[in-house]
Amino acid sequence: MAAAALSRTLLPEARRRLWGFTRRLPLRRAAAQPLYFGGDRLRSTQAAPQVVLNVPETQVTCLENGLRVASENSGLSTCTVGLWIDAGSRYENEKNNGTAHFLEHMAFKGTKKRSQLDLELEIENMGAHLNAYTSREQTVYYAKAFSRDLPRAVEILADIIQNSTLGEAEIERERGVILREMQEVETNLQEVVFDYLHATAYQNTALGRTILGPTENIKSINRKDLVDYITTHYKGPRIVLAAAGGVCHNELLELAKFHFGDSLCSHKGAIPALPPCKFTGSEIRVRDDKMPLAHLAIAVEAVGWAHPDTICLMVANTLIGNWDRSFGGGMNLSSKLAQLTCHGNLCHSFQSFNTSYTDTGLWGLYMVCEQATVADMLHVVQNEWKRLCTDVTESEVARAKNLLKTNMLLQLDGSTPICEDIGRQMLCYNRRIPIPELEARIDAVDAETVRRVCTKYIHDKSPAIAALGPIERLPDFNQICSNMRWIRD
């Protein structure tokens, strides 16, 4: 539901590139702009409902070719503008898996109008940043610049997605870069575990493949593959031009018409359908007793962005929460699981997640444990899941709802996260959901709703499990599945 909010609780699933001042820098996802509240300060779960004030309207216009233009003008001196494209690794097959990510790498390697050096110098002289990332269902290119440079930023974005040269020399050079990136990803155990989790949960489907693709594909992708991907997927109805900050919607609309009105023709045939991705309860275990800690993810099948149960699962996700040893401990932690984990010294950290795609999702927990506590930690996690289905209280749900709303609003801080929120929501829902509407949907969730929805998705369901490290004491899959069942009143 809250596309921007959800992404903060998810584990890494996108690969980004940031260009600014001619060097690459990592960019973490931030969130959107400050929001103002009326009424007294929120002091407890019984506090009066808050009213969001001074939220600029999100204006949306659709061009004749299907491209949607959406913007929010907050009067800042800077702006973020970008292209959100309904195309990612899920639209690939086994042979071309990795093409979307490869294409993202090629975006800033020169166009028919600008060499790579010219592009870097122009961005540097503007004091701007160019960014791109690929996820399983979306590809994004965006720029952050001064508001006065909005026309130049839009023109550059249009140039790089429509006129990239895709030179053979650049392709070969980037091939090596991606292979080195794959080696770096393999050292990030959290990403490795989540790739394993997708591979086992969505076996032999597009969501089960990695975003980077297998090594053999990276070594064989050629210019024709990249051009074919652009021709198939970079079409008007599948693209959103989103902007936030100091932007005028009418100006943005005219820029969109000028740069995209004729070039991005609409589909002559049907838009390629999303390949169905069936969830399979199963596991992947990679035992390595030389590793100091065990890394484990367990998840059940959840729902897509627009499903009515999404909000309730977000609240349940907040109820489970997250914890790290650096947080300290005590019985006043908001998460019951955090209290038990801290008191029993069961793990180094855990993080709940609710990953939503168009028509499916993963709801679960990622944990890092000592070898001796893996079984105990998993047992406590499953007991907490059971408690969500049977014994969660109204006060706990009220606290989780307030925490969820607070986190969502705190994430909306700046033009870049607002722009990301607009772009994602336009692709997911074809509109930007107003914050008051989202708050009302969260407020409608009560303890009975949480118990009912969690029972629907957790009770007697076979989970997907990915485990890496010293996992000798991890219970076998049948035992884990049996612990997903309990006697209900």
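Glycine is treated like the rest: Cβ placed from N, Cα and C.
Residues or ranges marked as transit peptide in Swiss-Prot: 1-45.
As annotated by Swiss-Prot, Zn(2+) binding site applies to HIS101, HIS105, GLU181, with the evidence given as sequence analysis.
If you look up Swiss-Prot, you'll see GLU104 marked as active site, proton acceptor. According to DSSP, GLU104 (active site, proton acceptor) sits within a helical segment. Within 10 Å of the Cβ of GLU104 (active site, proton acceptor) there are 23 other Cβ atoms, across all protein chains.
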Item to check | Count of other CB atoms lying within 10 Å of the CB belonging to HIS105 (Zn(2+) binding site) | outcome: 21
Item to check | GLU104 (active site, proton acceptor) versus GLU181 (Zn(2+) binding site) - Cα distance in angstrom | outcome: 13
Checklist entry - Between HIS101, GLU181, which of the binding-site residues has the fewest other CB atoms within 10 angstroms in the structure shown? => result GLU181
